[in-house]
Amino acid sequence: KLHSDLDKGVGTVKYTLSGDGAGTVFTIDETTGDIHAIRSLDREEKPFYTLRAQAVDVDTKKPLEPESEFIIKVQDINDNEPKFLDGPYVASVPEMSPVGAYVLQVKATDADDPTYGNSARVVYSILQGQPYFSIDPKTGVIRTALPNMDREVKEQYQVLIQAKDMGGQLGGLAGTTTVNITLTDVNDNPPRFPKSIFHLKVPESSQVGSAIGRIRAVDPDFGKNAEIEYNIVPGDGGNLFDITTDEYTQEGVIKLKKPLDFETKKAYTFKVEASNLHLDHRFHSVGPFKDTATVKINVLDMDEPPVFSKPMYTMEVYEDTPVGTIIGAVTAQDLDAGSSSVRYFIDWKNDVDSYFTIDATEGTIATNELLDRESTAQYNFSIIASKVSNPLLTSKVNVIINVLDVNEFPPEISVPYETSVCENAKPGQVIQTITAADKDLSPAGQRFSFKLSSEASNKPNFTVHDYRNNTAGIETRRNGYSRRQQELYFLPIVIEDSSYPVQSSTNTLTIRVCRCDSDGTIQSCNVEAIFLPVGLSTGALIAILLCIVILLVIVVLYVALRRQKKKDTLMTSKEDIRDNVIHYDDEGGGEEDTQAFDIGALRNPKVIEENKIRRDIKPDTLRFPRHRPPAEDNTDIRDFINQRLQENDVDPSAPPYDSLATYAYEGNGSVAESLSSIDSLTTEADQDYDYLSDWGPRFKILADMFGEEESYNPDKVT
């Protein structure tokens, strides 16, 4: 309630209200000044309001007093229950934990005013989950309440927690939450076999390394605490089998280490131990964390292939052994209860196998061809043995045959086959050490001997000194050698081996005489150097040779020029006048026409030979005129022209216009007069040339020339 001292109660004062919630939450009676709340207040929403009030004159609207400020505080009541903002909760605790082991701490929040009364005072309690767990009423810490809780008995627990305000008194508000607690596993249980004996049946044909059976020990623990390791206890059969752990199923996988044989042993018995890999020292007192079981394996009899007596056979045979000679045998047996006969054959894979044959019943191997150690020193092939009762059951063995050497090749001198000796060599000087090579396979300790042939022993030039270690030295026997007298020496050397039968060969060593300095270093072995004067250097020799070559070139050029000049003189002589026919593409004007062509071509027969191609065109194919004997009458001329006409008609390279051949020294003013044979025997009156007009435009000029009697010129011939 607001009241001004100036208010006399006569209605002259008006009260106004402004600030937080004025008009919405709070209102004021303008006459009395009473303040009322027009809706419910929530302290948790807004704990206080700041308002301003003023008294105003009703008539003048002027403030009677300064504006005053006041605060309205909302008083709290217990209208909010505690809430678990983080719920529901999930927690875990190891199994077998002692009483009071910490599990989790929960916390409830009450929105009421903690400073006013007990509205925000919270107390925790367990509504569900006893007697396994307990909770501290004030802190909300959850702990185990029973010892030795076993995960294998019960793993999951659901605990219902309550938080109540007003200190837990009657009338307080309460909130709840759920806590899901899981017992985590510890290795508190050893592995146990469900039975003490495991029986397995294994075929004797099982492959080494294959799995032949599985056994399993049960461990109720979980995860790594349930990992099991299996081991075979040393004893009967332990060396034939092995056991490993399947990491997914934790089973023991028994594998075969060695092959089984029913005929040798039909059953095996051994013990297998299962133990945990990860032990917990807190539970050692419970007992050993391992278990043992017995495994009995019965071997099943199977129809097996034959078995060879050896894993591999090695044989030897001399080369050139006669075909059909037995060199060895292989043996295989059927070890099954009902023994069957065995048949043998070669595993044909390539042509090498054709060198040998095998007896199908006895297994003896014989040669099928002549063997040559120098061609092939070793043969490697396979023999297959099969059972007669079941041919599909086969076994294979490898056979190696070494071809032994027979001494059939003589030893030969190793390179070099040529050596040199200085002109100033002294007697007894070793100029070359030689060795020998033998194509035969040399046995251990074989020796080669060296000596001169009988015909060379009488010549005192060189000798052979055998060092008795498969080498020999070539020694000089003269005091100096002369290249001028003899440049090459051929020394025949006889080499023998020590095998049986003894083989020998004669080898020729070429010895070249060379010029050397005082230290024995070779300076020259060339043949040309023999004829050079003493002291003439190589440079001087080259200069002399160059001078000789230059002189020879000058002489050859001089002779060639003289001959050429002489030929040109002969060709220009007037006595060398001859008929030379040249093809030309239009009429010539005789020898006075010097503009149409080069008259020099008619004077030089060589030019004619080199320039037979027409001047006006360059045809693709050259056609040369046939030289016929001079015509005896006009009939022969006609035949000649007809023949040439036919040849030009079918010639694709002929020009499409008349071509007039001009003979030399014809025309007006020719000193040789006419060479034509047209009027040699007859006159123009005896010949009718009208048929030339029928030959077409190509012969028009020729027809005009012979068609007019008054214009006929006996000196012009076509």
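Using N, Cα and C of the backbone, Cβ positions are placed for all residues, glycine too.
Per-class residue totals from DSSP over the domain 'Cadherin' (4-84), listed helix then strand then coil: 0 helix, 32 strand, 49 coil. Residues or ranges marked as domain 'Cadherin' by TrEMBL: 4-84 (among others).
What TrEMBL lists as domain 'Cadherin' is 85-193 (among others).
Annotation comment: TrEMBL describes 194-308 (among others) as domain 'Cadherin'.
The domain 'Cadherin' annotation in TrEMBL covers 309-413 (among others). Regional average pLDDT for the domain 'Cadherin' (309-413) in the model is 87.
Among the features that TrEMBL reports, domain 'Cadherin' is placed at 413-531 (among others).
For 530-561, the entry in TrEMBL reads transmembrane segment.
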Write out how many residues of the domain 'Cadherin' (194-308) are helix, how many strand and how many coil, based on DSSP.
10 helix, 54 strand, 51 coil
